[in-house]
Every structure is written in structure tokens, then in C-alpha cells.
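S.K.: Feature annotation from TrEMBL assigns transmembrane segment to 35-55, 75-95, 102-121, 127-152, 164-189, 195-215, 247-268, 293-314, 326-346, 352-381, 393-411, 431-455. The domain 'Major facilitator superfamily (MFS) profile' feature in TrEMBL is assigned to 37-459.
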Amino acid sequence: MSVDVSDLLPVIEPDLEPSLSLSGILSRREKYKNVITMAVLLFINLLNFMDRFIIAGVLEKIIKDFSISESQGGLLQTVFVCSYMALAPLFGYLGDRYSRKMLIIIGVSIWSMTTLAGSFVPSHLFAVFAILRGLVGIGEASYSCVAPTIIADMYKHDMRTRMLALFNIATPVGGGLGYIVGAYVAVAFHGEWRWALRITPALGFICVILLLVLVREPVRGSIDGAQVLKRDNWFSDVRKIFRVKSFILTTLGFTWVAFALGSLAWWAPRFLQLAYILHYKTESEQVKANVSLYFGIVTCGAGLLGVLLGSEIARWYRKRNPRGDPIVCGVAVLLAIPFLAASIIFSKDNIIVTWICIAVTETLLSSNWAIISDMLMYIIIPPRRATASSIQIFILHLFGDASSPYIIGLVSDFFRKGSKQNEIIWKSLRYALLLTPAVASFGGIVFLVAALFIVRDRREAEATIESKTKPLV
């Protein structure tokens with residue numbers, strides 16, 4: 001990738017506060033504003049993933065209520081993620097050009113309203129329910145593309161790494177809470193799973209108020225001591241983004257990991273519920289709810305540990321090896337493969353070993369989330385970050401967790417052959433889920449290949465900014 005700065009123009013934006021004028025040095029007031037903004041963005045991201053995985057916590061009830069197959073159950077997540085990824089490029093384009101705060105407000109409002117509407121769909125209208133789940137993805141796309149770029153414009157260097165790690169903690173914690181809330185709200189309302197979908201909309205409307213009242217949007221590039229305006233159109237941006245080899249490779253690695261994580265996140269609760277039924281020979285609703293509770297707790301704990309450990313190890317190793325970020329990602333994924341396979345194989349026969357393997361797998365796989373966000377922010381220049389983030393979201397969902405739940409459902413249906421026996425359903429899901437360690441291994445290898453290019457791409461991004469920007473006065 002050659003240094004191309006023809007599309008950049010340094011400017012001073014009129015609403016920029018003087019405290020940002022000296023090489024990105026922040027006043028105490030600005031730091032407080034950043035903390036408040038960060039807290040609201042973290043809360044929304046937590047709600048984002050909680051909303052996404054509440055359905056996984058009550059998937060068995062949804063399948064029975066709508067009288068649908070395993071593949072149709074997987075299709076619910078596929079429809080959601082497909083709309084999410086399809087709209088990501090649009091919001092990436094808008095996020096690099098217009099108010100990111102307003103985009104987030106619109107997105108949170110859309111996903112809250114559509115989630116609430118889905119809770120009132122009657123059992124004979126599965127198609128309507130699936131369409132509404134797709135509309136939820138539209139709202140979430142507007143948030144996921146632009147929120148990390150706001151964080152990148154508030155913090156830099158090690159502090160940016162830590163803040164992105166904190167932001168990404170919401171992924172496992174929110175997902176785990178989704179399983180727990182979904183299962184236990186349904187139990188509290190005597191098996192009525194629809195009440196689980198009415199929790200996040202109420203919190204979503206609170207988030208809109210917080211955004212309007214408390215959140216400030218930093219000027220793009222301000223933390224680096226300069227603002228950068230773009231002259232290029234979207235197609236030119238995309239062309240230049242795809243010249244960054246480490247961006248392509250880390251995106252591919254993340255995609256194959258997302259295939260495995262998307263499959264497990266969607267199907268693991270149901271798979272483990274079947275394993276418990278076969279192991280303990282009981283089908284009580286409390287046992288099923290407990291499985292969702294345990295899976296949610298493990299997901300929260302392992303994800304939290306993984307994100308924190310991954311970001312701190314990468315930050316430490318990066319000082320000794322500038323290629324450290326993709327190496328940490330690749331090694332973590334490859335170490336997770338045997339534990340992932342063991343958790344699938346031993347799920348019915350040894351419950352304790354299964355939970356231990358799931359915890360280790362989720363810790364290792366979640367360790368790269370914050371690192372990937374951090375890498376994108378330093379190999380892509382500020383005015384292209386939202387676009388690059390949207391492209392990454394599109395690719396990793398199209399070939400990762402958008403397709404994997406449906407593919408796993410199809411493979412399971414193939415082996416199941418219409419049987420309604422729990423043991424056959426469990427075995428069918430086990431055969432299907434064994435695809436995940438094989439696919440994830442490709443992701444680990446590609447991360448290691450990305451280490452060959454990461455240093456050069458980072459230096460070129462820094463050179464691009466420095467050659468055509470100057471400190472504001």
C-alpha cells in the first residue's frame with residue numbers, strides 16, 4: 001500500500017473546543033465528557049448483544065410455538081445478521097460523513113421498536129416474526145459501525161486499547177445476560193417466551209434519552225491533533241481500504257472465528273439442554289432454564305476474562321514485538337480448537353469436562369475481539385474507519401455468523417431425517433457443530449499470516465496522517 005494523501009485536507013472545525021488544540025491534550029472537563037460518553041456507549045453495546053441472544057435462550061420454546069424445523073430456527077439468526085451486514089456499508093458511509101450520535105439514536109430507536117413488535121406476533125405468522133428480526137438488524141448496524149470510531153476519537157495508544165477492550169466486554173457479558181434473561185423471564189411468565197423480548201426495548205428507550213442528554217461526539221481525528229476532511233467518494237475509500245493487506249487478512253481470520261462463535265452462540269444452549277435431558281433423563285423446564293443460566297454465566301465470565309487478558313497480553317507483547325497483535329489472536333484461536341472439539345464430543349457423557357472446555361474455548365476465542373478493533377483503528381486512517389468497520393462487519397457476517405446458524409441447522413436436519421427423538425436430535429446437532437473447530441482453525445492461521453504485514457500497514461497509515469495534517473492552532 002502506497003501512501004496516498006490526495007484526498008485529505010486539514011481543517012479546523014468551528015465547534016472544536018480549545019482544550020483539543022494542543023496535540024490532542026484533554027482538559028479535565030473533556031475527560032469527564034469522554035467518560036460519560038464511554039459509559040453510555042458501553043451500556044448500549046451491552047444491550048445490543050443482550051437483545052441479540054435473548055432469542056437463543058428461548059429458542060426451544062420458539063421452535064415449538066411456531067412449529068418450525070431446526071433449520072428455520074437457525075434462519076432467525078441468519079435473517080437478523082443478513083440485514084445487519086447488508087446495511088453496514090450504508091451506515092459506514094454515513095458514519096464517515098454525518099453525525100454519528102444521530103445515527104446511533106436512530107438505530108437504537110429502530111431496534112427497540114422492532115424487537116417490541118416481534119413479541120406480539122401470533123404463532124401462525126412465523127414469516128412476520130422473521131421479518132421483524134431482520135429489521136432489528138437494521139437498527140444494530142447503525143450502532144456497530146460508528147461507536148468504535150467515536151471511542152477511537154476520544155482516546156489514543158494504550159488508553160484506546162483499554163477502552164476498546166472495555167467496550168468489547170459487552171459482547172460476552174451482554175450475550176450471557178441474553179441467555180439468562182431470556183430463559184428466566186420465560187419461566188417467570190409461565191413459559192411465555194414473548195415477555196423476554198419486552199425487556200430490552202424498555203432499556204433501549206432509556207438509552208435514547210441518555211444519548212440526547214449526555215453524549216458528546218468528538219471531532220473526527222481530533223485526538224491526533226488534527227482534523228481530516230475527505231474529498232474521495234465511497235468507492236475510492238473502499239479501493240484504498242482493500243489495499244491494506246493486514247485489514248484483509250484480519251477480517252478473514254475474524255470471519256472464520258465468527259462462523260464458529262455464531263454457531264455456538266445460537267445452538268449451544270439447545271444442544272446442551274438436550275445433553276442434560278439425555279444425561280439426567282428429565283425434561284423439566286427448570287433444568288432447561290438452568291442450562292441457559294449456566295451457559296450465560298460461563299459466557300459472561302469467560303468472555304470478560306478473555307477480552308481483558310487478550311487486550312493486556314497484546315498490549316504487553318506489542319511493546320516487545322510490533323507484530324504482536326495478530327500473533328496473539330492467531331495463537332489464541334489455535335489453542336481453542338481442541339477444547340472446542342472436546343466440548344462437543346463429551347457434552348452428554350461428562351458434563352463437568354464439557355463446561356470446563358466451553359469456558360476455556362470462550363476465554364480464548366473472545367480474547368481477540370478488542371485486539372481486532374484496535375488493529376483496525378491504527379491501520380486505517382480516521383476518515384475511513386467507519387467505512388472499514390462496515391466492510392469488516394459485512395464480510396465477517398456474510399461468511400461467518402450470518403450463514404453458520406442456518407448451515408448448522410441444515411446439516412442437523414440432514415442427519416435428523418425428521419426424527420423427534422431427543423437422542424437423535426442431539427447427535428445430529430453434534431455432527432453439525434463439529435464443523436466449527438475445523439473452520440475456526442483457518443482463522444487462526446490467517447491471523448498469523450497477517451503478522452507479516454501489520455507493521456508496514458500501521459506505519460503507512462501514520463505517515464498518511466502526518467504528511468497532510470498539522471496540529472491545530
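The backbone N, Cα and C atoms fix where each Cβ goes, glycine too.
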S.K.: In the same chain, who gets a Cβ under 8 Å from the transmembrane segment (75-95) while lying at least 6 residues past its ends?
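M.R.: Beyond its ends, the transmembrane segment (75-95) has Cβ neighbours at 52, 55-56, 62, 103, 107, 129-131, 133-138, 140-142, 144-146, 149, 234, 262, 266, 386-391, 393-394, 396-398, 401-403, 405-406, 409.
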S.K.: Do we see three or more Cβ pairs under 8 Å linking the transmembrane segment (326-346) and the transmembrane segment (195-215), pairs being at least 6 apart in sequence?
M.R.: no
S.K.: Between the transmembrane segment (393-411) and the transmembrane segment (164-189), are there three or more CB pairs that fall under 8 A, provided the residues in each pair are separated by 6 or more in sequence?
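M.R.: They are not in contact.
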S.K.: For the transmembrane segment (102-121) and the transmembrane segment (195-215), does the number of C-beta pairs under 8 Å, pairs 6 or more apart in sequence, reach 3 or more?
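M.R.: Stretch pair touches.
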S.K.: Count the Cβ pairs between the transmembrane segment (127-152) and the transmembrane segment (352-381) that lie under 8 angstroms and are 6 or more residues apart in sequence, then report whether there are at least 3.
M.R.: yes
S.K.: Per the 3+ Cβ pairs under 8 Å rule, pairs at least 6 apart in sequence, do the transmembrane segment (431-455) and the transmembrane segment (35-55) touch?
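M.R.: Contact absent: fewer than 3 Cβ pairs fall under 8 Å.
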S.K.: Take every residue in the domain 'Major facilitator superfamily (MFS) profile' (37-459), average their pLDDT values, and give the whole-number result.
M.R.: 83
